[in-house]
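Visitor: The following feature annotations were taken from TrEMBL:
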BINDING   LYS7, PHE8, GLY9, GLY10, THR173, ASP174, TYR179, ARG184, LYS209, VAL210  ATP binding site
BINDING   THR47, GLU74  substrate binding site
DOMAIN    265-339  domain 'ACT'
DOMAIN    345-411  domain 'ACT'
Amino acid sequence: MALIVQKFGGTSVGTVERIEQVAEKVKKFREAGDDIVVVVSAMSGETNRLIDLAKQIMPQPNPRELDVMVSTGEQVTIAMLAMALTKRGVPAVSFTGGQVRILTDSAFTKARIVSIDEHRIRAELKAGRVVVVAGFQGVDEQGNITTLGRGGSDTTGVALAAALKADECQIYTDVDGVYTTDPRVVPHARRLEKITFEEMLEMASLGSKVLQIRSVEFAGKYNVPLRVLHSFKEGPGTLITLDDEESMEQPIISGIAFNRDEAKLTIRGVPDTPGVAFKILGPISAANIEVDMIVQNVSHDNTTDFTFTVHRNDYQNALEILKQTAATIGAREATGDTKIAKVSIVGVGMRSHAGVASQMFEALAKESINIQMISTSEIKVSVVIEEKYLELAVRALHTAFELDAPARVSE
Ligand code: ADP
Ligand code: ASP
Ligand code: MG
């Protein structure tokens, strides 16, 4: 008998009918003899609705109170699913994060799980019940309700699977697996049979929101067998694995990720003296703003230009700080641009292949797409481009790296 943790995302529990369908599915697993812990998200759109409501009271809601509010979305769906199961003769019980002591730190709206008390869950499983746990939420040491950041139910699922040493953590969603890129942007993207934790982590960090980054970190750290599947269609889905044996058939690039979440800032005519990078980025990090990509130009006339990217939410704040810095250090000007996008190619196969970056640049050049910034690591190359070319760039790269699915003659 296996212990399986199943997580169902927002669209999979988006209507009463879908919740009934999820209950049917869980019932089948239960009847096959497995112990089941189900994690559910709020009904799709609900978390956004709650955040909007809070913003009508105050534009930047108090984080503690915001968590009290947004965590209610999941409290509704756990009860609904438990009822739908009970109605079908499947004993079930629902729990909020606090009730099963999903202990987190106190970083409201982006809390990290510290520990989970699995005793209550185990006792319920032993009594033959399906345990339905609210995703996305926890409780800190003082008993405050916390949430785990957008998409956090994935992390609840994986963390529960790790704590319970489950045989598998299944993430059910509205796509039938992890694709070479977001199938909403490239319709002929291909489902991957498997992808390594390392690659999935890069994909998630670089913008593929099919799994929350922390859920992948967690799964890698505790070696949780993790699979992404379609909620209502049969199929093998995508397995996230440790195995990264490089075989001959392995593609160089496994996937393409992208995001529109960043903004670019530039400071020009900076006197090029030792410590200049610190003078520019010190005040930014002192304001708790994370910097992603950084480029410093070769200096000429003893002055240099310096460009970096931050999250778009931090853009205004960062630009003001940079303008002050420019005045203090005698730079010519500070400017910014929010209409940028980052496109990244990811693959462990890159380690053993030279020239991947130039192949990427060539594909973009063919489409006359200008590259504004570049950053590389062992298994990824990222470029910043003008936002309006994002989809074109992703499609061109998808074709250039031979990721397109073979054309289907008929459906
Ligand atoms: P859920 O509500 O179930 O958590 P999400 O919307 O968070 O679902 O994640 C599923 C979505 O992720 C898909 O509908 C798809 O558009 C998007 N996505 C982005 N990148 C990928 C990718 N590489 N493979 C599959 N889906 C992706
Ligand atoms: N309901 C939360 C969100 O919309 C958590 C999740 O769905 O994973 O972000
Ligand atoms: Mg999600």
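Glycine too: its Cβ is placed from the backbone N, Cα and C atoms.
What TrEMBL says about a protein is an automatic prediction, not a curated fact.
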Visitor: Select one residue from LYS7, LYS209: among these binding-site residues, choose the one with the most other Cβ atoms within 10 Å of its Cβ.
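Guide: Counting every other Cβ within 10 Å of each candidate, the maximum falls on LYS7.
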Visitor: Mind computing the max CA-CA distance among LYS7, PHE8, GLY9, GLY10, THR173, ASP174, TYR179, ARG184, LYS209, VAL210, which the record assigns to ATP binding, rounded to whole Å?
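Guide: The widest Cα-Cα gap among those binding residues is 22 Å.
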Visitor: Which binding-site residues, if any, among LYS7, GLY9, GLU74, THR173, TYR179, LYS209 have a Cβ under 6 Å from ligand 1, given in order along the chain?
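Guide: Checked binding-site residues vs ligand 1; flagged GLY9, THR173, TYR179, LYS209.
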Visitor: For the domain 'ACT' (345-411), would you mind checking the mean pLDDT of the predicted model?
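Guide: Here the predicted model's pLDDT, averaged over the domain 'ACT' (345-411), is 92.
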Visitor: What Cα-Cα separation, expressed in whole Å, is found between THR173 (ATP binding site) and GLU74 (substrate binding site)?
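Guide: Their Cα atoms are separated by 16 Å.
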Visitor: Provide the number of Cβ atoms within 10 Å of the Cβ of THR173 (ATP binding site), excluding the reference atom itself.
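Guide: Its Cβ shell of radius 10 Å holds 22 other Cβ atoms.
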Visitor: Output the one of GLY9, THR47, GLU74 that, of all these binding-site residues, has the highest number of other Cβ atoms within 10 Å of its Cβ.
Guide: GLU74
Visitor: Specify the count of other C-beta atoms within 10 Å of the C-beta of TYR179 (ATP binding site).
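Guide: A 10 Å sphere around the Cβ of TYR179 (ATP binding site) contains 26 other Cβ atoms.
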Visitor: Looking at the binding-site residues LYS7, THR47, GLU74, TYR179, which have a C-beta within less than 6 Å of some atom in ligand 3?
Guide: none
